[in-house]
Each structure stands twice: as structure tokens, then as C-alpha cells.
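Q: I am attaching a structure below and will ask some questions about it afterwards.
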Amino acid sequence: MEKTFLMVKPDGVQRNLIGEIVSRFETKGFKLAGAKLMNISDELAKQHYGEHKDRPFFGELVDFITSGPVFAMVWEGENVISTARNMMGKTNPAEATPGTIRGDFGLTVGKNVIHGSDSLESAEREVNLFFSKNEILSYEKQDSSWIY
Ligand code: RTP
Ligand code: MG
């Protein structure tokens, strides 16, 4: 089943949005396969955002993502990569549609609350960069016949 890497950025953690964000993906129907609160090292930040290393905002981006704890997650489900990107909204929260995470909670492009993998290749790369094999759980949801 398709997996994606999502991360509540330091601004989202500071603003107590972990629960709200987890809730959106849970109620959408995706399955949580792994999660942890962690600090990102300078080295990990540079690897994660390697594609942006020549952009003028790279230094700021690395400083910000290493500035405090993030909540890293692996989510699973059909088309989870593109659906999660739609649920996040546009990179610039000023342009993100209300109802999306960035549209509802973000203000500036630098502090846009959440990261999500943008392709199958980046999802595989980012899941493996942040999680070891034994931190990703494979499990079935309970048979729901006992829920009335
Ligand atoms: P992300 O990787 O964090 O999920 O965001 P994204 O795909 O929507 O956007 P991307 O182009 O990958 O940019 C990564 C992050 O860099 C910051 N950024 N700042 N100052 C700027 O013009 C600028 N542009 C991008 C944003 O925080 C963006 O999420
Ligand atoms: Mg990106």
C-alpha cells in the first residue's frame, strides 16, 4: 500500500497543532504507520531539503526546521501522497484554500505548518531518511462488526 512522509513543522508543534493535524488524516481514513516527536539535526535537514540547496531560502529553511521539535509521521492508504498534498494546500498559506491545513493555520511561506512528500520517489526517500524499518508498523484495523 502507498505510503507518504508527513511532518508537523516546528511552528505547528509550537502552536499545538499536532492533534488537529493527526486527526485530519485519521478521519480522512488513512492509516498511521509510524510517528515520533524528534529534533532534526543540521545534517538530516540538509539531506531532507537537498533539492533546494541552491535556492536563496535554503539557509533559512534549514535553520527553521532544526529550531525545535517536529512530529514526523508515516501515513498509508490509496493515493495518500497526492491526497495528503491536497489536504495540506498550497506552499504559500496566503494562496492556500480555506479547509486545507495551510489555508486554515498557516500565515507565511516560511512557517507553513506541515511538510508532505510530493512524489512516490520523494516519499520512499523521506520515509527511509526519517524512519528505520522497525519503526514502521504493519497492522490490520479491527474487524468493525462489534461497532454499532
Ligand atoms: P514542503 O516540501 O515543506 O512540504 O513544502 P512544498 O513541497 O509545498 O514546497 P517546496 O517547494 O518543497 O519548498 C520547501 C519549503 O521551503 C520553504 N520555501 N520558502 N521563501 C520562499 O520563497 C520559500 N519557498 C519555499 C517553504 O517552507 C516550503 O514548505
Ligand atoms: Mg517540497
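Quick reminder: no glycine exception, Cβ is built from N, Cα and C everywhere.
Note: TrEMBL annotation is automatic and uncurated.
So TrEMBL lists these for the protein:
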DOMAIN    1-138  domain 'Nucleoside diphosphate kinase-like'
MOD_RES   THR91  phosphothreonine
ACT_SITE  HIS115  active site, pros-phosphohistidine intermediate
MOD_RES   SER122  phosphoserine
Q: Going by DSSP, how much of the domain 'Nucleoside diphosphate kinase-like' (1-138) is helix, how much is strand and how much is coil, in residues?
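A: Output for the domain 'Nucleoside diphosphate kinase-like' (1-138) reads 62 helix, 26 strand, 50 coil.
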Q: Tally every other Cβ atom lying within 10 Å of the Cβ atom of THR91 (phosphothreonine).
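A: Cβ-Cβ neighbours of THR91 (phosphothreonine) within 10 Å number 13.
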Q: What's the CA-CA gap between the residue listed as 'active site, pros-phosphohistidine intermediate' and the residue listed as 'phosphoserine' in angstrom, rounded?
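A: Their Cα atoms are separated by 12 Å.
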Q: For the C-alpha pair, I'd like the distance in angstrom between THR91 (phosphothreonine) and SER122 (phosphoserine), rounded off.
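A: Distance between the two Cα atoms comes out at 16 Å.
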Q: Tell me, what is the mean pLDDT of the domain 'Nucleoside diphosphate kinase-like' (1-138)?
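A: Mean pLDDT across the domain 'Nucleoside diphosphate kinase-like' (1-138) comes out at 97.
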Q: What are the non-local neighbours of SER122 (phosphoserine), defined as same-chain residues 6+ apart in sequence with CB under 8 A from its CB?
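A: Looking at Cβ-Cβ distances below 8 Å from SER122 (phosphoserine), excluding near sequence neighbours, one finds PHE5.
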Q: So if I draw a 10 Å sphere around the Cβ of the residue listed as 'active site, pros-phosphohistidine intermediate', how many other Cβ atoms end up inside it?
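A: The answer is 19 other Cβ atoms.
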